[in-house]
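Colleague: Below is the structure I would like to discuss, written out as structure tokens.
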Amino acid sequence: MMAGNVLGMLAGLLYITSALLGNLWIFAFARAIHGFSMGIFFPSSLSTAVDLAPPGRVGETLGWRGMMFSLGNIVGPALGGYLSDLLGFVGAFSFTVLFSLVGLALVVPVWLDGRKAVPRREERHEDVSYSELLRSYFVAASLALFFFSFSYAGVITYLPALYKVLGMPQSLFGFYMMVIGLASFVMRLVGGRSADRMGPIPVIRAGMLLVIIGYIVLILYRLPPYSYASALLIGAGFGLSVPAMQLMALGNLPQRIRTMGSSVYTMFFDLGMLGGQVTLGYVAQLEGYAGVFPLLPFIAGASLIIVHAPLIIGGRKE
């Protein structure tokens with residue numbers, strides 16, 4: 001996590017340099033560094049949250065972590081737009097460096113606390129294999145996340161494109177995403193605590209059903225203001241499902257492979273987003289942007305089915 005924040009600071013400095021020099025290549029390189037920093041930070045933070053969670057409250061801890069992530073996504077874009085208008089790009093990017101520095105300062109005590117709470121073991125120094133991740137709960141949660149993010153990519157990529165070709169202001173989609181973010185923020189802690197009490201699969205089931213209903217509402221009402229009802233349902237389902245999926249994937253993994261597991265698990269989200277944008281792009285070419293949305297409930301339905309696989313094949317024993 002500390003390395004991720006340091007790379008975030010480096011990316012911010014490169015952003016400032018690109019703005020001062022007007023060099024697009026430096027900006028592109030900074031974007032790559034920023035993406036790399038996120039790729040390092042998020043799996044590590046996910047694994048650390050599980051490691052430091054009090055017994056029986058792993059889901060709740062993941063819910064709190066998810067709430068902070070949602071809060072950043074809600075406040076960050078609005079603050080960035082305000083700062084860029086007020087201070088210009090150089091001033092706005094300076095805050096990228098500042099926030100990464102604050103993140104680094106907050107991670108250091110967590111690292112020190114983690115060294116006490118999670119003592120070093122000899123097994124950490126042994127070679128670990130990806131084959132150790134072939135556990136029914138982990139595989140099912142990862143594949144479910146893939147199809148979930150695959151469907152979600154259809155919304156965040158092709159709904160703003162539809163609004164654009166219809167001549168509608170992009171602020172309408174910005175408000176749509178704000179509704180998703182707020183609903184997700186509210187439900188994250190509920191999802192995490194519920195997963196602790198009743199297990200992750202029932203919570204994921206409820207969340208995915210809300211997402212599927214939200215997609216159906218979006219098919220029927222693609223334009224504002226009625227489309228905001230779908231945003232509310234999708235965001236609430238997202239908030240319920242995500243911490244429960246994280247608990248399902250990582251909660252029972254041995255500590256020695258948990259960081260590796262969180263990296264692989266996070267990778268499935270990125271693969272789903274990439275696959276959704278590319279594959280549904282072909283659908284958009286053939287059927288138009290509106291033709292993408294009728295497929296989303298079926299894709300999310302695949303996620304709902306997959307998440308029950310451990311119960312079907314007897315994974316309850318693991």
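Yeah, the Cβs are placed from backbone N, Cα and C, and that goes for glycine too.
Heads up, TrEMBL stuff is auto-annotated, nobody curated it.
The domain 'Major facilitator superfamily (MFS) profile' annotation in TrEMBL covers 1-318. Taken from TrEMBL, the feature transmembrane segment applies to 7-26, 89-112, 133-153, 173-191, 203-221, 227-250, 262-283, 289-313.
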Colleague: Cβ under 8 Å, sequence separation of at least 6 from the ends of the transmembrane segment (7-26): give me the contacting residues as numbers and ranges.
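Modeller: The answer is 33-34, 36-38, 40-41, 88-90, 93-94, 96-97, 99-101, 103-104.
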Colleague: Do at least three C-beta pairs under 8 angstroms join the transmembrane segment (227-250) to the transmembrane segment (173-191), pairs 6 or more apart in sequence?
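Modeller: As far as Cβ distances go (cut-off 8 Å, pairs 6 or more apart), the transmembrane segment (227-250) and the transmembrane segment (173-191) touch.
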Colleague: Name the range, of those listed as 133-153, 203-221, 262-283, 289-313, that has the largest tally of Cβ pairs under 8 Å with the transmembrane segment (173-191).
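Modeller: Answer, by Cβ pair count: 203-221.
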Colleague: Going along the chain, which residues at least six beyond the ends of the transmembrane segment (262-283) come within the CB cut-off of under 8 Å?
Modeller: 39, 42-44, 46-47, 50, 130, 133, 138, 141-143, 145-154, 157-158, 246, 249-250, 291-292, 295, 299
Colleague: Across the whole of the domain 'Major facilitator superfamily (MFS) profile' (1-318), what does the mean pLDDT come to? Round it, please.
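Modeller: Reported value for the domain 'Major facilitator superfamily (MFS) profile' (1-318) is a mean pLDDT of 89.
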